[in-house]
Structure formats: C-alpha cells, structure tokens
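A.B. asks: What follows is a single structure, and I will ask about it in a moment.
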Amino acid sequence: MTTPPVLSLALPSDTGRVLSIQSHTVQGYVGNKSAVFPLQLLGYDVDPINSVQFSNHTGYPTFKGQVLNGQQLCDLIEGLEANDLLFYTHVLTGYIGSVSFLDTILEVINKLRSVNPNLTYVCDPVMGDEGKLYVPEELVHVYREKVVPLASMLTPNQFEAEKLTGLRINSEEDGREACAILHAAGPSKVVITSITIGGILLLIGSHQKEKGLKPEQFKILIHKIPAYFTGTGDLMTALLLGWSNKYPDNLDKAAELAVSTLQALLRRTLDDYKRAGYDPTSSSLEIRLIQSQEDIRNPKVELKAERYS
C-alpha cells in the first residue's frame, strides 16, 4: 500500500506552509495557541511544534507541564525528514527560553533552507519588555549574532530592538535608525511592534527591498487600550507573517491589517470581561481569539500607515 501524498505539498496553496515553533498552553491563548488558528483562517497550512506544553500561561499563580529540549526537537525534524516532509515556505518562532534550544532552531532553519532556499523566517525575538529581560542574558547575544542574520522578518518591541541594536530609542528617528541597523545585519523586513514616545504608542515598520537601497519606512499611531493582555505579541507576529506574504511589496498595508485585527480583538476582549463583571485592570486578560474570526479574515482598517519621506 502506497503512502498518499501530503496535499499541502502536492497541491500547494497560494499562501504557504508554515512551521511554527512556539509555546503551547492547554487553556488560554499564547504562543502557538495565538498564532496557528489566525494563520489557518488566512489560508495557511500550519504545522505547530510546541516548545513547551503548559496547563496555562505563567502569569497564573501556578502552572504545570513539560519543556521540549533540543534533542526532542531534532527527533521531530528527523521524523519529518525521513518522510520527505521538510518543505516549508515559512518558519515562525516566538518565545525561546534557553540558548541550547535556540541553537537547535538555527540548525533547523538551515536544514529547511537546504530544502527550500526561498524559505521565509519570521522571528519574534521575545526577550523582555518595559526595560526588563525575562530570558537569560546570554540569549541576547545569540539573537544578535546568529538569529538576526538568518531572519527574513523581525518583529521586536521597543526594548528588544534596543537590546539587538545597542541603540536607545527615544524618538521616531531612533526607531527608524534601529530598523536600518537591523536591515544591515540581515532581515529585509523589520516591524518594531510597539514604541512609546512622549506617551504616544506607535508601530514603526521598515522594508529594505534590496540590500544597499534606502528602506521604505512608515509608522502607525496605535490607540492605547487600558488593560494588559497575554498572547498579543504572538498574534501580531502571526498576522504580520500572514498579511505580508499576501502583500509582499506593501509592508505598510500588511501592518495596517494586522493592527486593525488586533485592535478589534482587544476591544472585544475588554468589553467581554466588563460584561462578565470583571475589572479588566486587575490582571492580565486572555484574548477572545475564537470570537474574533471575522476580524482576522476581514479586518476593517481604521488606523492608517503614514510613510516617512
């Protein structure tokens, strides 16, 4: 009896086949739970590898679960390779907690690029936020020296962009310069997903279409929502992957669509917690992903990108 073909390989879609290596929680939406479903709604075949499997995210009083190590990741990749299943158009990575696991992911990227040289690697370099690291310091060096050169698109927040470039971002010009520094190191697309300057929240995006050329840069002013949510960075990076692949020459349009989805989802989440009688400012909130399917598929763009000259 012959093995039937994998239809996502035999009949590839016009979107792509994504390998997403991120965390997983049984309850709630962070990591792969935030990324896989939206990408599937946008038409992608997504194969998740769960770097951890926890009962819930670590913001709860307790959590239980397992952590995947580098050898176990290699075992999964070897299983795919043995069955000729290693052709992917995209790899997506998020939170990674150890140098050894990150080094193994780099080996995986190189192996996948040997199968598909046009592989797009989208990396959310999750290291910390608001001036605080929540990964070991040695990971910063690995991201800067090894990961950034391999990435096709990078989606740091303000703090992470500062750690990767050594540049303090105190103005829009600093944000644009940080993007240029990152372009010089590797990725053609950089989106600093959240920057706070003078109390104003914005996103700065940059697309260098050819090495040596001046990048096309833009900003989107973002409405602050008075609450803290989990899983939003994972969702944002997945949406940027999804829309930037559909609009490869218009990163600003991709960012508009991603931001619009996220804003609508966060407003719904906030409203639903209020309807349930819960004070949404008292702790981090689980996002209403399933209830926001239409906003993922067909976002209404309310916040427009403004291109820098």
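The backbone N, Cα and C atoms fix where each Cβ goes, and this holds for glycine too.
Quantities reported herein were computed from a predicted structural model and do not represent experimental measurements.
Per Swiss-Prot, the feature N-acetylthreonine maps to T2. Marked as pyridoxal binding site by Swiss-Prot: S23, T58. The pyridoxal 5'-phosphate binding site annotation in Swiss-Prot covers T58, G233, D234 and is backed by similarity to another entry. Per Swiss-Prot, Na(+) binding site is recorded for D124, T155, T193, and the stated evidence type is similarity to another entry. Marked as ATP binding site by Swiss-Prot on the basis of similarity to another entry: D124, N157, Q158, F159, E160, T193, S194, I225, P226, A227, T232. According to Swiss-Prot, the Mg(2+) binding site annotation covers D129. The active site, proton acceptor annotation in Swiss-Prot covers D234 and is backed by similarity to another entry.
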A.B. asks: Please report the Cα separation of T155 (Na(+) binding site) and T232 (ATP binding site) in Å, rounded to an integer.
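C.D. replies: Computed Cα spacing between T155 (Na(+) binding site) and T232 (ATP binding site) is 12 Å.
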A.B. asks: Could you round the CA separation between T232 (ATP binding site) and T193 (Na(+) binding site) to a whole angstrom and send it over?
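C.D. replies: T232 (ATP binding site) and T193 (Na(+) binding site) have their Cα atoms 10 Å apart.
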A.B. asks: Using DSSP, would you call T193 (Na(+) binding site) helix, strand or coil?
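C.D. replies: DSSP assigns T193 (Na(+) binding site) to strand.
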A.B. asks: Have a look at the binding-site residues D124, D129, P226 and say which one has the shortest Cα distance to D234 (pyridoxal 5'-phosphate binding site).
C.D. replies: D124
A.B. asks: Could you measure between T2 (N-acetylthreonine) and D124 (Na(+) binding site) for me? Cα positions, answer in whole angstrom.
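C.D. replies: Answer for this pair: 40 Å between alpha carbons.
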A.B. asks: Once near-sequence residues are set aside, which residues in the chain of G233 (pyridoxal 5'-phosphate binding site), 6 or more away, have Cβ atoms under 8 Å from its Cβ?
C.D. replies: G94, D124, V126, T155, N157, T193
A.B. asks: In whole Å, how far is D129 (Mg(2+) binding site) from E160 (ATP binding site) when you measure between their Cα atoms?
C.D. replies: 7
